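Structure first, commentary second.
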Amino acid sequence: MTVAELAKQLRISINRLLDVISEAGIVIHDVENDVLSPEQKVAIAGHMKQRKKQSATEKNAAKSDNKSDKNSKTGAKKTTNRRKTDARKSQSSEKKISPRELAQQLAEKKRLEQGNAQRENEEREYQEALAAEEKRQQQEEARKAKREQKEAEAIRAEEERLQMEAALQAQMQEQERIRQEKEAEEAKLNAEKELRKQQEREKRLAQEKAELERKRQEAIRDVELRESYEEEAETRFHIQSKDRNFGSKNDRSGKRAVKNGDDERSGERRNNARNNTRRRNNDNKKGKFEKPVAPISREVRIPETITVGDLAQKMSVKASELIKTMMKLGSMVTINQLLDQETAALIADEMGHRYVLLKENELEEQVMAQASENKMDVVVRAPVVTIMGHVDHGKTSLLDYIRHTRVVSGEAGGITQHIGAYRVTTERGVITFLDTPGHAAFTAMRARGANVTDIVVLVVAADDGVMPQTKEAIQHAKAANVPLIVAVNKMDKPEADPERVKSELSQEGVISEEWGGEHLFAYVSAKSGMGIDDLLEKILIQAEMLELTAPSSGVGKGVVVESRLDRGRGSVATVLVQSGVMKKGNVMLAGMEYGRIRAMLDEKGKELEEAGPSTPVEILGLSGTPNAGDDVIIVENERKAREIANFRQGKFKEIRIARQQKTKLENLFNNADGEISKVSLMIKADVQGSVEALADSLRELSTDEVAVNIIATGIGGITESDVQLALASSATIIAFNVRAEANAKKLIEEEGGDLRYYSIIYQAIDDVKAAMQGLLSPEIREEIIGLAEVRDVFRSSKFGAVAGCIVEDGLLKRHNPIRVLRNNVVIYEGELESLRRFKDDVNEVRAGTECGLGVKNYNDVRVGDQIECYERVEIERKL
C-alpha cells in the first residue's frame, strides 16, 4: 500500500501523514509509488496513537488553565464590588488596550481553537479508519474461512466422486468380465457347432465329389467300351469282307479252271500266288494305318465359337476322344455343344495340336483402321475431369457450385444415381466434368469414369476422412494411370480436420506436395465457395502439364457415358466426343447399336449441329440403347454400320450361349439336391448404368443356400410382355426410376404380380436382402432350461423305473425333450413319460422342489444320474 492510498484510507491529508511518517523516522521518496511495508504501517499507527495521547494531555492542561483564570476573575469582581469607587478610579487611571493588540489576541485564540478542532477531527478520522481497517480485516478473515470451508467441501465431494467412480468402474469391469466370459462360452459353442457343420458339409461334399467322380469314370468306361466295340466291329467287318472277296475269287478261278482244262494246274498256281500277294499287301496296309508310330500335330484354325463335333473334325480325331479329354478336364459336354474360343484353344493344346485364333471382324477392323488414320489438324482440347469420392462427401454439390445450377435436389435422396457429363466455361478455360456416383453399388460406373478421363478430382469430406469408396476411387485412378487432385470439402464446418485427411490419404499412397509428394490438394467448401478458384486453377495447371490434344476434324470418335430409353424420344445416349467431329445426320456405330444422328443436345438441352473433342452430348437416333462404356465411331454409310452391328450381336449371342452351356451341367449337379432357394427378379431401370450396378449388387447377395436369379434386365418402362414374363417365372419386378404402363398395371392387378418401385439403389438392395433372409432355413439352437439330480429310484409295475429327483437349477417341463447324463456323459435322449409332485401330475417343477419322473422307453435310471431338460429355439438367420 502506498502513502497516498494509506492517507485516503485513514481520511487524513497527505501532508499530515508525511509529518507523522517523518516523526516516526521513516523515509519516503515517492508518495505515489513507494509501497509501505507491514512493519512501517505498524510504526506509523503507533506513532499516531502516541501523538493522540500527547494532544489529549495538552488539552487537559489548557482546560485547567482556563479554570484558574476564571476563579481569579471572580475574586477580582468581588473585590471590585466592595471597592466600587476605587476600582472606577483605578480603571480610569489605567492605560487602555489598543485594537491591534485585541485583534491579535482574538486571532491567536481563534487559531488555537481551529487547531484543537482540526486535531479532534483528525483523531476522529483516525479512529474511524482504524475501525474500518479492523472491520475489513474481520471480513477478509471471514471470507477466507468461508473459502477454506468451501475448498474442504469441494475436496470431500471430489473424493466421494472418485470413490463412486472407482466403485462404478469396478462394477463395470466385473460386468464386462462376465459378458466376455459369456461371449467366449457362446463363441466356443458356436465354433463347435460350426465345426460340426463344416465337417458335415465336407463329408457331404466328399460324398458328392466321389459320386461325381464315379459317374465320370463310368462315363469314361462307357466311352472306352463303346470305342472298343466299334473297333472290334470294324475289324470283324474287314475280316469278313476279305473272306468274302477271297471266296468269290476262288470260285471264279475254279470256274475258269474247269473251262480251261488243259492249263488247270498252272491256273491254280497263278491264282494262289495272286491271292498270297493281295493278302500280304492287306496285312502290310493294316499294320501301317491302325497304329501310327508318332502322334500327328496339326494346325487348327479356331473361330470365336465352334461346336465339339467341328473341333474334332478339324483335329482329325473322333468326337468321343475329344469328349473324353474334356471329361478329364472336368467338363461334361455333348457333340453339338458350342465352345468359346478360349476353351477350344485349351482343348487343342491339351491334345497336342497347334492352334490359330481367327478374328471374324475384318470389316470392323477396317473401319477402325480408317478412323485411326485421322491425325490431321491437331488442336489443344479441354481436359475431361471426373469427380469421384465417397457417397455424401459433396461431389455433386461441388460441381453444382461451379455450374451455378441446382442438381442435387433433383437426385433421389441427394445421391447421384448415374454419371452426369457437363461442360463448364470458366474464366480460365473450358473444363468437361463427369460426376460419378459414390454409392458402393456403382463400382463399374466409377471405373468407366476413370478410364475416359484425363484428371480425377477426389472429393474427401474434411469432417469424415477417408471412406471405402474413397479408397476404391484411388485404386481406379491408379489403374487408369491418370493424375489425381484431392479436393478437401466441407472446410466451413467447425469439426473439419484437413490434417487428418492428409494423414489418412498418405496411408493410401496419396501424398500432398506439402509433405513432399506429387499430388495437388485444394481446400474447398461447396457451400460457401471457398477455394473453388484455387481448385479450378490447379485443374488447368495439371491439364497444361499433360499437353492434351486431339484432331479437330475428320472421323468422330467417342465413348458412351450413359444411355437410357426415353418414352417420347426413344433411345438416348450420353456420348463424350474424344476426337474428330460428330455432326447431325452422321451415321454412328455404338457397340451393338447403330443409327443416324437425328439430334444432338448439350447438358442444358440446347440443340447442336456438331460437337468437337471433349464435348459431352446427348444423341438421339440409335436403334437401341448401347451399353455404357461402348466405343462410338462415325461410319461411312448405314449399310456398313448395320453389318458390323449385326455381326457384333450375333457373336455376342453365340458367346453368351457357349458360356451358358459351359456351366449348365455344373449348375445341374450343384442344384441336384434341391437345397438352394432362389429369388427370381426382373430389373428395369432408366439408364444402362443403373441396370448394371443393380444387377451386380443383387448377384453379390447370393449364398450357398439362397441365390438371386435375374431372369431379364432392360431399360425403359414396364410393358405388358415384361409382366407376362415375370408372372411365368414367378419373378418380382424391380422398377428403378421407371413406371409401368396402364396395360401392365392392369395385368399385375388381375394376376397378382409383385411390382416394386425404387428411386434409391440401396433401398432395393435392402428389400431383396430381407426377402432372401426369409428363405433361409432358421438356425435351431438348444437352450438348457433345467437340471435335476436323481436321489432315489423306485420300481413301478405301471411306469417301470420312477426316479425321485430334486430340481437343482431352472425348471423341468413335462413336454420338453430331456437328456440323461451319467458322469457328465449323455447316455440317453428322449422325453418324459410322467412328471409328478407327491400324487399330482404337474406340467413343470421349479428349482429346489422334489418330484418324481419317468423317462419314456428307458428304465436304466440310477441314483446320481442327472436329468437335463432343454428346448429347441428357432433363430432367424442373417445374410
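Even glycines carry a Cβ here, placed using N, Cα and C.
Predicted, not measured: the structure shown is a model, and the values here were computed from it.
Annotated features, as they stand in Swiss-Prot:
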REGION    45-216  region 'Disordered'
COMPBIAS  60-72  compositional bias 'Basic and acidic residues'
COMPBIAS  83-99  compositional bias 'Basic and acidic residues'
COMPBIAS  107-163  compositional bias 'Basic and acidic residues'
COMPBIAS  164-173  compositional bias 'Low complexity'
COMPBIAS  174-216  compositional bias 'Basic and acidic residues'
REGION    228-293  region 'Disordered'
COMPBIAS  228-271  compositional bias 'Basic and acidic residues'
COMPBIAS  280-291  compositional bias 'Basic and acidic residues'
DOMAIN    380-549  domain 'tr-type G'
REGION    389-396  region 'G1'
BINDING   389-396, 435-439, 489-492  GTP binding site
REGION    414-418  region 'G2'
REGION    435-438  region 'G3'
REGION    489-492  region 'G4'
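Structure with Swiss-Prot features highlighted.
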residue	record	DSSP (3 states)
Gly389	GTP binding site	strand
Lys395	GTP binding site	helix
Met491	GTP binding site	coil
Cβ packing number for Gly389 (GTP binding site), 10 Å threshold: 28
Same-chain residues at least 6 apart in sequence whose Cβ lies under 8 Å from Met491 (GTP binding site): Ala462, Pro498, Tyr523, Val524, Ser525, Met530, Gly531
Residue numbers, six or more beyond the limits of the compositional bias 'Low complexity' (164-173), whose CB comes under 8 Å of its CB atoms: none
Tally of residues which DSSP labels helix, strand or coil - the compositional bias 'Low complexity' (164-173): 10 helix, 0 strand, 0 coil
DSSP residue counts for the compositional bias 'Basic and acidic residues' (174-216), split into helix, strand and coil: 43 helix, 0 strand, 0 coil
Per-residue Cβ crowding (10 Å cut-off), top of binding-site residues Asp392, Lys395: Lys395
Tally of residues which DSSP labels helix, strand or coil - the compositional bias 'Basic and acidic residues' (107-163): 57 helix, 0 strand, 0 coil
